[in-house]
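Per TrEMBL, the feature compositional bias 'Basic and acidic residues' maps to 1-12. Annotation comment: TrEMBL describes 1-32 as region 'Disordered'. Residues or ranges marked as domain 'Remorin C-terminal' by TrEMBL: 35-137. Among the features that TrEMBL reports, coiled coil is placed at 47-129.
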């Protein structure tokens, strides 16, 4: 007896398509469409925000890169100028050393030439004396 009463209750509750079911389905599809539209709008807005955020990040990275490159270039140029100054100073020091060496060498040459002339004069005088006397002059090797 219980099974037959259950069957009758189930058939009366939702056994067929009634007007209430059709209203529910129509209302659900309208609600579903509204939710989908709302979800689509939210998705588009979120994607737009995400795109903007990442564009800002890329822009800041680009600015950082640009700034670092400019600083590196300025630093390189500064070092280049310092190197050019050092090279210029080194060249001046080199020229000064060369002129000092030339002066010292010139003075040394002059001294050597003078010493040579003096020794030549001594030799000529001794030769003159030998010719005049016929005897080689005696030199004392005593200390």
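From the backbone N, Cα and C atoms, a Cβ is placed for every residue, glycine too.
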Self-check item: Structural state census, the domain 'Remorin C-terminal' (35-137) (DSSP three-state)
Solution: 99 helix, 0 strand, 4 coil
Exercise. Average the per-residue pLDDT over the coiled coil (47-129) and send me the rounded value.
Key: 97
